[in-house]
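According to TrEMBL, the domain 'V(D)J recombination-activating protein 1 ZnH2' annotation covers 1-144. According to TrEMBL, the feature domain 'V(D)J recombination-activating protein 1 C-terminal' maps to 152-192.
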């Protein structure tokens with residue numbers, strides 16, 4: 001949102017001061033219009049209130065380009081359709097229509113980012129974003145998943161890995177990785 005307010009696509013390398021000014025403009029505007037007080041940038045409740053149609057309309061008031069406003073609205077619309085599936089424990093029962101459209105919406109989302117907002121990614125999408133957009137639909141459609149959008153399964157895997165390495169593995173380079181992987185498999189296998 002900040003970058004769109006500052007029209008980053010027209011500037012090759014904006015200074016830190018410019019970026020701070022855009023952030024400050026956005027924060028003041030959100031405070032005034034949505035009563036949204038950003039204590040921490042990535043606070044969960046803040047993010048939930050920010051990622052709404054209402055918030056995008058407020059942000060669009062600061063964006064000068066009509067094309068960018070339309071693209072931001074479309075991005076948010078796709079996001080809200082996808083997040084309904086991800087937030088649901090049983091997407092096939094709770095939101096069957098959005099679930100059917102999930103893969104298509106995900107593809108549209110990626111296309112929009114790699115075309116309209118390509119200056120943010122130099123035409124390339126990061127691994128993390130690719131994983132979220134290309135592989136999360138498989139998980140959601142197959143299992144129904146909570147937290148798949150944020151790849152939280154992967155994060156908990158990292159945590160487990162560290163714990164196993166410290167506690168449950170023989171402390172020698174020969175066996176350590178083998179033990180960790182076996183523990184990890186035993187711990188996460190849905191067949192056991």
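Residue numbers in this text run from 1 along the chain shown.
Just so you know, glycine gets a Cβ as well, placed from its N, Cα and C.
All TrEMBL annotations are machine predictions without curation.
Averaged across the domain 'V(D)J recombination-activating protein 1 C-terminal' (152-192), the predicted model reaches a pLDDT of 64. Helix, strand and coil residue tallies for the domain 'V(D)J recombination-activating protein 1 ZnH2' (1-144), in that order: 108 helix, 0 strand, 36 coil [DSSP].
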